[in-house]
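Feature annotations, courtesy of TrEMBL:
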type	residues	note
TRANSMEM	113-135	transmembrane segment
TRANSMEM	155-174	transmembrane segment
TRANSMEM	200-222	transmembrane segment
TRANSMEM	228-247	transmembrane segment
TRANSMEM	346-367	transmembrane segment
TRANSMEM	387-407	transmembrane segment
TRANSMEM	428-448	transmembrane segment
TRANSMEM	479-498	transmembrane segment
TRANSMEM	510-535	transmembrane segment
TRANSMEM	555-574	transmembrane segment
Amino acid sequence: MGSLEEERSLLEDGLIQNESNGLYTGDGSVDITGKPVLKQSTGNWRACPFILGTECCERLAFYGISTNLVTYLTHKLHEGNVSAARNVTTWSGTCYLTPLIGAVLADAYWGRYWTIAIFSTIYFIGMCTLTLSASVPALKPPPCVDSVCPSASPAQYGVFFFGLYLIALGTGGIKPCVSSFGADQFDDTDSRERVKKGSFFNWFYFSINIGALISSTLIVWVQDNAGWGVGFGIPALFMGIAIVSFFSGTPLYRFQKPGGSPVTRMCQVLVASFRKGNLDVPRDSSLLYETQDKGSAIKGSRKLEHSDELNCLDKAAVISETETKTGDFSNPWRICTVTQVEELKILIRMFPIWATGIVFSAVYAQMATMFVEQGMMMDTSVGSFTIPPASLSSFDVISVIFWVPIYDRFIVPIARKFTGKERGFSELQRMGIGLFLSVLCMSAAAVVEMKRLQLATELGLVDKEVAVPLSILWQIPQYFLLGAAEIFTFIGQLEFFYDQSPDAMRSLCSALSLLTTSLGNYLSSLILTIVTYFTTQGGKAGWIPDNLNEGHLDYFFWLIAGLSLLNMLVYIVCAKRYKKKAAS
């Protein structure tokens, strides 16, 4: 080759393809100005500290709000247990629904970098609004006097939930993009960098939980002891630090060009296949339409090999007689490339695996709701120190922080000897192990609740809304098991939806994986509503009354455990049938 400038110019014109051992990346990465980037001075682990730092601070801010939110709603806004739990899970669900908005904008128009930047600003405004609502006396109801607790006014609710849902919108541009943007820093065409990408997802989740650990311990303690204004203000400050950290790494980042609307491309395949419904699909897949160039017609995407599934969609790539005569293949609403058709096929194949993540997310939702409310009715004192019930979630976080290096350094090498797989377990095997651990987690929570209710009965506390003298530390096993389940299922999902997604749909597929968390929260809310309706018939207290001593929270935990077991069995069937994508 000639000079660096000449090679860069040819790359920009698409006249040459970079090899994995060349000066430039081979996956189409560019710098912020849109020019091809040098491998030796951009991306890789040198860019990751800024991204991991951003994620750590942003998660500290998010969990600084969400971890103890149910306590704020019950103690400061004076809501009941069921209402508070429903509000928390509905908001949490929304936080995992809005990523669909950010993902489409990132993949189609703005790219991941600018989507993160814009939505981070919205997020920060929401954090500041929430801080004001907890600090200004006029924006919150007065404290309880004896047993009389004034309700919040519509205006006070309005300001609080406006800030809360601005945060939910802000997360929509961050959640689906940060992990994918971090993975973009590793060149898919370079085998050495590709190996590092697998490790990145582990440490990305590790960073999330460092932020969560600080939130569930220090921030929760500040909220319970120094006030909610300061307790919400600190997370807002860290969100500001997250924004600064993200922009600081700009010169080192590798960027992927947005490939156009993935939703539009999927609709084009459906329309084109419908229009050609009367045509037969040739047995020889090489007769289907595909560009002759080495690269795909979709910007930012490699070509995908044809798969022998969902053949009805292949009609969209059948070349008709009219198209053969005219040589006109420019209308994607009439003819699509094989790669475009395979994009939709991949999403359809992913669907059953995706759906089984919903019940797991319903289990995870209990950590911020029912686990906290269970802890409130237990002995929270350890010596002279009182543990805030929401702080027990720190054991889930500690479990994750413990398991990430153990998994990366020990479990993977041992598993590799038995499975022969580079990462020890496949993504599907990893997620399956996590689903099994989630069943054990809910079973542990149910056993603890059975013991707590037994003590309440023996001590005559059933009719009294007071804590039972059973140490809150008995909750540690359920949090520890949940943390282990996260390491397998959530990180497995990150890897699965990044690796198996079409190149130009990675933000969208990350959003779809997050959508399982949203639907899991909504499922938890739905189960709570149904359980409350049926168990309170005839004036009964129900399974989850305000006074948990006269309820049966253990039945609720067993119900979730049963659903988790059934979900795991369905997952095993779906995982055995799944066929991985093949890129060329």
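Note that Cβ sites are derived from N, Cα and C of the backbone, with glycine treated the same way.
TrEMBL entries are annotated by machine, without manual review.
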Selected stretch (most C-beta pairs under 8 A with the transmembrane segment (200-222)) from 113-135, 346-367, 387-407, 428-448, 510-535: 387-407
The transmembrane segment (555-574) vs the transmembrane segment (479-498): 3 or more CB pairs under 8 Å: no
Close approaches to the transmembrane segment (346-367) from elsewhere in its chain (Cβ under 8 angstroms; 6 or more beyond its ends): 89, 92, 96, 266, 304, 309-310, 393, 396, 428, 431, 434-435, 438, 441-442, 445, 479, 482, 485-486, 489, 493, 496-497, 500-502, 505, 509, 512-513, 515-521, 523-524, 527, 557, 560, 563-564, 567-568, 570-571, 574-575, 577-579, 581
Among the ranges 113-135, 228-247, 428-448, 479-498, 510-535, the one whose Cβ pairs under 8 Å to the transmembrane segment (387-407) are most numerous: 479-498
Residues from the same chain, set at least six apart from the ends of the transmembrane segment (479-498), whose C-beta lies under 8 A from its own: 179-180, 183, 198, 201-202, 204-205, 350, 353, 357, 360, 363-364, 367, 371, 392-393, 395-400, 402-404, 407, 423, 425, 427-428, 430-435, 437-438, 440-441, 444, 506, 509-510, 512-513, 516
